[in-house]
Amino acid sequence: MSFNLSSRLAERHTASLYRHRPLLETPQGPVVNVDGRELIAFCSNDYLGLANHPRVVAALKEGADRWGVGGGASHLVVGHSGAHHALEEALAAFTGRPRALLFSTGYMANLGAITALVSKGDSVLQDRLNHASLLDSGLLSGARFSRYLHNDPASLANRLEKAEGNTLVVTDGVFSMDGDLADLPALCTTACAREAWTMVDDAHGFGVLGATGAGIVEHFGLGMDEVPVLMGTLGKAFGTAGAFVAGSEALIETLIQFARPYIYTTSQSPAIACATLESLRLVQEDAWRRTHLRVLIARFRAGAARLGLALMDSPTPIQPILIGSSDRALRVADRLRDLGVMVGAIRPPTVPVGSARLRVTLTAAHTEAQVDRLLDALADAISEVIPHD
Ligand SMILES: *Cc1c(COP(=O)(O)O)cnc(C)c1O
């Protein structure tokens, strides 16, 4: 017997689920060169247009001059540099919490926080549409794991009845494939009533939501009592890389002592931390980026509604258009590329079977004219592909 990899791969092809990596030949931006073609991209998570901002690039270079490139060791050995420390202090101040802890990726921050907080004998309750990194972490923690219905406090209350031990309720702040907001006020009230802690993964809200960009907790005016564990990522609106968890002194010390994905890994490049410090300044200084993004979101939604497209209930830069079958979503995305527009076709297992979609994402670097080009291309592509099915 041997692994039959080729038949597994062939099945993926047949089901229209095979994944390819488009080859990017330019920095992130509204116009990119992908697989040799110039396209307007509506699929990155660089929501504020900071990934290639000259000030962020300059900060990376200066950071490399000052600190070198490699982290060199884990934080607990000799990898915790002044650059990492300054970024943690700035993130703590920005989120209004006593401490923040820097991780190399969002996946690791989720894995680290969840496995440090719950284990066998405890419970972890998650929205069924949570990001894969949260669901994986819940399973790996060894705690009793259950999923409640999407954004449904009543379903959460029902699961909480059966919970045992320390109980952690975990939700995306902005759902990454639907773009809707977690109903945090209601979910937190439900969790608090049962003395459960709430953890929010704000990968898509941090930098984008709230008056200062502090994310979904700022948007709803919630603090550490309601959301003791706040996680944000730096590779999306912040345009750099890494992630953090912010919370109480005791929470952060617990993660430093017990979060294995924090302890057993090399610190991120200190130069990246310098770049993130600069992008944090831009997030705070340039409120116009969030304002412009809101204008683009409203323009896109009004135009898409006129075309009769199946929008979802999203006030965020994530604006999915439900298509249904994977094959059809792929064909619409292909046609859009021929028309000069790049949009991701999101298929199972990333989204539930039968709910393949085009995941349009808008950024502050787009212009209104580019959004209009997208709407024209969508009208053409959908009218060409769908009537022939
Ligand atoms: C992107 C994402 C992550 C993972 O963050 P990385 O830094 O890319 O590893 C975690 N949670 C959510 C909701 C995300 O969208």
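We number each residue from 1, going along the chain as drawn.
Using N, Cα and C of the backbone, Cβ positions are placed for all residues, glycine too.
According to TrEMBL:
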type	residues	note
BINDING	Arg19, His131, Thr350	substrate binding site
BINDING	Gly106, Tyr107, Ser176, His204, Thr233	pyridoxal 5'-phosphate binding site
DOMAIN	38-378	domain 'Aminotransferase class I/classII large'
MOD_RES	Lys236	N6-(pyridoxal phosphate)lysine
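Feature annotations (TrEMBL) mapped to structure.
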residue: Arg19; record: substrate binding site; Cβ neighbours (10 Å): 7
residue: Gly106; record: pyridoxal 5'-phosphate binding site; Cβ neighbours (10 Å): 24
residue: Tyr107; record: pyridoxal 5'-phosphate binding site; Cβ neighbours (10 Å): 18
residue: His131; record: substrate binding site; Cβ neighbours (10 Å): 24
residue: Ser176; record: pyridoxal 5'-phosphate binding site; Cβ neighbours (10 Å): 23
residue: His204; record: pyridoxal 5'-phosphate binding site; Cβ neighbours (10 Å): 28
residue: Thr233; record: pyridoxal 5'-phosphate binding site; Cβ neighbours (10 Å): 27
residue: Lys236; record: N6-(pyridoxal phosphate)lysine; Cβ neighbours (10 Å): 28
residue: Thr350; record: substrate binding site; Cβ neighbours (10 Å): 17
**OP:** For the recorded pyridoxal 5'-phosphate site formed by Gly106, Tyr107, Ser176, His204, Thr233, name the remaining residues of the chain with Cβ within 8 Å of the site's Cβ center, in chain order.
**Re:** His131, Ser133, Asp201, Ala203, Gly235, Lys236, Ala243
**OP:** Please classify the secondary structure at Thr233 (pyridoxal 5'-phosphate binding site) using three-state DSSP.
**Re:** strand
Subject >> His204 (pyridoxal 5'-phosphate binding site) and the residue listed as 'N6-(pyridoxal phosphate)lysine', Cα-Cα, nearest whole angstrom >> reply: 7
**OP:** Could you list, ordered by sequence, which of these binding-site residues: Arg19, Gly106, Tyr107, His131, Ser176, Thr233, have a Cβ under 6 Å from ligand 1?
**Re:** Gly106, Tyr107, His131, Ser176, Thr233
**OP:** Fill in the CA-CA distance, Thr350 (substrate binding site) to Gly106 (pyridoxal 5'-phosphate binding site), as an integer in Å.
**Re:** 17
**OP:** Taking the residues Gly106, Tyr107, Ser176, His204, Thr233, which the record names as binding pyridoxal 5'-phosphate, find the longest CA to CA distance and state it in Å to the nearest whole number.
**Re:** 14
**OP:** Can you see whether DSSP assigns Arg19 (substrate binding site) to helix, strand or coil?
**Re:** coil
